[in-house]
There are 2 protein chains.
Amino acid sequence: MDELPTTPEAANHASTETVLKRAGIDPTPLRLAVIQVLAREGRALPAGDILALVQDQHRANKVTLYRILDLFVEKGLARRHSSGDRALRYCLEPGSAGRPHCHAYCLRCGRMECLPGVEGVVDMAALGPALAMEVVAVEVRIDGVCAACRRKPSVPETPVDAGSGNS
Amino acid sequence: MDELPTTPEAANHASTETVLKRAGIDPTPLRLAVIQVLAREGRALPAGDILALVQDQHRANKVTLYRILDLFVEKGLARRHSSGDRALRYCLEPGSAGRPHCHAYCLRCGRMECLPGVEGVVDMAALGPALAMEVVAVEVRIDGVCAACRRKPSVPETPVDAGSGNS
DNA sequence: TTCGTCGTGCAACTTTGTTGCATTGCCCGT
DNA sequence: ACGGGCAATGCAACAAAGTTGCACGACGAA
Ligand SMILES: [Mn+2]
Ligand SMILES: [Mn+2]
Ligand SMILES: [Zn+2]
Ligand SMILES: [Zn+2]
């Protein structure tokens, strides 16, 4: 089953199907399209953006998309994060390893990049009082202005539409 | 110079007014009620909760509340945080120091407690790639189950049809 | 076939927050 | 006192993101 794919496209399709199956998820065309969008973009996207990208190839409904995203999160395939704006964002586990990771959110363009895992970044011991709680997850988000945006004139343009040139 | 009252109670009328004035905010009755609720609760509250608490004493409209909260955030009096559910939460700077701090969010009861500052908790150097961004804020949230909730039966309300005389 | 489940779609709804505009009270210059 | 701004508040309508209820077609098991 570890055949070398001949093209990146084929690799993407073949391996995402395998990923879904191994997670116990029936690899329907729509689910494949969703996971491929997430894999291709490699960062945390709001559902609206995912829908727009998926719809480039597939007719799709937002309710179904939300259900697919919930399923991915439930099965540990994807993670859901909040960005401080109103929309939650979804990303794959980078490297398909199941480790939680930090994010960087650009307040100007709305891009949310995945960063290394939280291990070594957060010193849980320094949070004394927090340890009164049974920890389930640790969210770390760096808000700021990304390199690309800093290079651009700081035009007070339309603020953060969470859109990335799609649709 | 910035002597805080020795008791939290004393803080509740005389000093909240001073805090507002020093922040350049006209201390209207409604604004005083809002900051007093935040000071009294000492944790991060969603706007809906703040409105309910304020309305115990004061007739108030949600639009005005949102505008007051925006103003507090803009003037650096309060902070806005996301909790993973879709309501943003507001808290005062603990100790009236202007330092950002971490939070603990209970997934069961929804309480969001303020924790110590992020200094000493997050190792920014460990985030290599993130440093491509000009950092504006660092959000750290610990999700889990708080001590109080862990003590309670894990299922608050289950539609189990045990023989309790319900037909 | 008949049945049940699964994946999807659509409309209506809920929650959270925002916009537009009216009203009220206050300060300020006349 | 008068009148014009202006700040603070309120109300209704709106908007974005997500959820619920229900229907429908596909498909496989009985
Ligand atoms: Mn991520
Ligand atoms: Mn706080
Ligand atoms: Zn950017
Ligand atoms: Zn709790």
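Placed from the backbone N, Cα and C atoms, the Cβ positions cover glycine too.
Annotations in TrEMBL come from automatic prediction, not curation.
Residues or ranges marked as Zn(2+) binding site by TrEMBL: A:Cys106, A:Cys109, A:Cys146, A:Cys149.
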Quiz item: Just checking: which of the binding-site residues A:Cys106, A:Cys109, A:Cys146, A:Cys149 have a C-beta under 6 Å from ligand 4?
Solution: none
Quiz prompt | Neighbour count (Cβ, 10 Å) for A:Cys149 (Zn(2+) binding site) | solution = 17
Quiz item: If you count Cβ atoms within 10 Å of the Cβ of A:Cys109 (Zn(2+) binding site), leaving out that atom itself, what do you get?
Solution: 19
